[in-house]
Every structure is written in structure tokens, then in C-alpha cells.
Amino acid sequence: MSVDGRQAVIVVARLSGKGDLALLDELRKLVEAAGYAVAGELLQKSRYEDPKYNIGRGKVLELKRLVEEKKPLKVVFLNDLKPNQAYNLSKETGVEVIDRYELILEIFAKRAGSRESKLQIELAKLKRELSFAKEYINLAKRGELHGFLGGGKYAVDAYYAYVSMRISKIEEELRKIRKMKEERIARRVEAGLYTVALTGYTGAGKTTLFNVLTGENGYIDGKPFATLSTLSRRTYFHGFPVLVTDTIGFIDDLPDALVDAFYTTLRETLAADVILLVLDVSDTPAEIRRKLTASMEVLLNLGVPPTRILLVGNKIDKVSSAELEERERLLEDSGLRYTLISAARRIGIHELTQAVVEMLPEKVSATLALTREALAEDLRELLDRCRVREVVQGSDGKLLVVVEGRRDIVARLQARAGMGLVDG
């Protein structure tokens, strides 16, 4: 769907393998997520990158004709463009020419809601602009970009100074936000609250699953990057109090600058006790492998141990029994724990939450001896901090409360009760 009749032309420069077709399909979805309709496509099967245009001269002429015919607002390249290539292509076609990186930034800018995500996007854009400006100046000095330095060296220096100062201010503000987040994470641990983070390739159904697990009714549109800021809600998994967090979706070959910019958002994932890596099993096996590899690469680079990851094969209602068996073998071959669900149909949710409970770290159980008055006072705190498995009448008139939770929290509750026995 287009927004206000806006359109974009997709250009894929070098198709050198089968995986490129999947990236092309993904680019179509990104274009639509940015609010454009795909007016036309131009493909070139070549490993050679023309230094001036990225694509061959003949393809440039085809592109000009396509632009004249379709009259798009802009042209989008799958391949990364160098500053001189974007400049030359724009000059030839008469419209703005961007690459996949800039398209993703545009989507992020449209969907940013929180102050943090807006700052992160601005930071990534400014760093991109600064690197491009440096290259533009080098090209202008060599006479390849006529008129670029028309404002004089003073104007260029002023631009550098402004952007550099703005980058420093944003980074300082993000450091403060990061510190507040880390303090919040520490308070959660102090309170004994287990944390579960939903991650996965964009479009896998994370937000649908988040809504099912937490009873929320959050924003779902099926487009890439519906979630940019983290959203957390408290709930219970089989009696255990947990905080479930929905995080930004991954994408293949996400630029390092964007990963760096969204560090504070991804930090929520690193701090989680269990990471649910959601996959769309209605994809082809090749697509599932590609998306799993891309997602695992981000998680491992963040320092997430594989033992904390639970693969969640979503959308099982969209595949046949034979296809599901094939997908299950694929997940099994990953060597990670996995479970199969349909978030939309609420199939397999009980098994999913049970698997999460089994993975929660440092669980111990203990028996607390409490008077009825003490239990009445402490019941809310007990339920907020751990699972209450059983309450029975003791021989001395006290109530024996069997609880299960984090080791340090259970030990603290035991100390307050004045007695207790750790069962395991």
C-alpha cells in the first residue's frame, strides 16, 4: 500500500545467488513498511560493481526510462551505495536515490515512539550523514562533485562542528538512559523477578505472542519493525512471577551503526533470564535457516549464552503435518531447546510457558513456618517474589508455606520467617 500515492522503484544491482531473491522479497516488505508502493523493479545479475553508478551504464539508462514512466518519489537500492554513486544516480534520474540502510532508518524514524528510540535513530542518521559528508568533500576536492563546496570551507567546518556536538549530546543522554535501565534491571533482580525477553527476526509474530502471554492488546500490523522500543509487562508462568519484554526485531545484515544505536534496547535482551527466539515456521526451510542465523549472530555478538535461548517455532497452523515435521527437524538440528506454537490460535502456549519455567535459573524451594497473621501480611510479597506451591497446617499451629524462587530471595524470606528448610 502507498501513502498519499507515494511510490518507489526497487533496484537490485547484483543477484549472485538464491539467497538474493529472499532479500529482494524482504526489501519489498521494507518499502511497503516505509509507506510506499513498489512501482517497478530493475534486476542485474552481476558481481561487478560499477564505481560510478553501482549498476552498469546500460542499466542506468533502463532506470532512467523506468523513472520517467512510473514517476516515483525515490529509488531504493538493495545494495549499499557509496556517496558518489548515490549522487550520480540521483543526478541521472532526477529523483532521490537511497539504499537499504537509509530505508531502514526511514522506517525507524516513522515508528519511533519513545524518547530513547528517537535519540537512537537521530544518532544513527547523524553518524551516517557525517561519514557521507566527509566522502562528499573528498570527492569535491578531486573535482568529482562540482559545486559541493560552493559554500566554502567555513560552512563545511561549521557543519562538522554542529553535527559532532549534537552526536556528543545524544550519546551523553543515551548513557544516562542506559544507566537508568541498568538500575531498573538491578531492582528487578533485587525483587526476585524473573525476566523473559521476546526476540526474533522481524515479522515472526513476537508482538502477537507478547499479547497472548501478557493479556495485552498491543500494536500488530505484520510489517517489519512494528516494535522499536521495549515494552514490558508483569505476568505469571505457572505461579512464577515474570516480567515479559517485547524487543526490536532482527533483520539480516543489520548495519553495525544501527546495532550500536539500539544497544540500550538490545540490553534488555542480554539481561533476561530466558530469551524466546521466535521463528516463523511457515517460511521455507532455507528462509528459516537464514533468519535463525541472522538472529543468532546478533544474540551471540551481544554475549547471550545459547543455554538461555529457547527457540519458538510460531505459526504452526499455517503448515501441513509433513512440513511441520521438516521444520521440527530443522529446529532440532540447531542444538538449542525449542517448542512449537501458534500464537494467533493459542496452540502450545502452556508447553511454552512450562519450558520457560524449567529454564529459569537459581530456583530453590523452601518451607516457611508462618503464623496466620504473618501470612496475611506477607502473602502479597510472597506471590510477587516467588511461586507459592502449597500451604498446610503445621503441628504447632503455624502454617507451613512451601515456596519456590530465586535462591537469594528464598533465603531472605527464610531469614525473615526465622526458620525454613531449603528442599532443593
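Even glycines carry a Cβ here, placed using N, Cα and C.
The feature GTP binding site is assigned by Swiss-Prot to 200-207, 225-229, 246-249, 314-317, 342-344. Using a 10 Å radius centred on the Cβ of I248 (GTP binding site) and all shown protein chains, the other Cβ atoms total 25. According to DSSP, I248 (GTP binding site) is assigned to coil rather than to any helix or strand.
Cβ neighbour count for T207 (Mg(2+) binding site): 22 (other Cβ atoms within 10 Å of its Cβ, all protein chains included). Following the DSSP three-state reduction, the secondary structure of T207 (Mg(2+) binding site) is helix. The feature Mg(2+) binding site is assigned by Swiss-Prot to T207, T227.
Among the features that Swiss-Prot reports, domain 'Hflx-type G' is placed at 194-364. Taken together, the residues in the domain 'Hflx-type G' (194-364) have a mean pLDDT of 88 on the 0 to 100 scale.
Taking the Cα atom of each, G200 (GTP binding site) and T207 (Mg(2+) binding site) are about 10 angstrom apart.
Highest local Cβ density among the binding-site residues G200, G203 belongs to G200, counted as other Cβ atoms within 10 Å over all protein chains shown. Ranked by CA distance from T207 (Mg(2+) binding site), the binding-site residues I248, K315, S342 have I248 at the top as the closest. Of all the binding-site residues given, namely K206, K315, the one with the smallest number of surrounding CB atoms inside 10 A is K315. Residues within less than 8 Å, Cβ to Cβ, of S342 (GTP binding site) and separated from it by at least 6 positions along the same chain comprise N314, K315, I316, D317, K318, G348.
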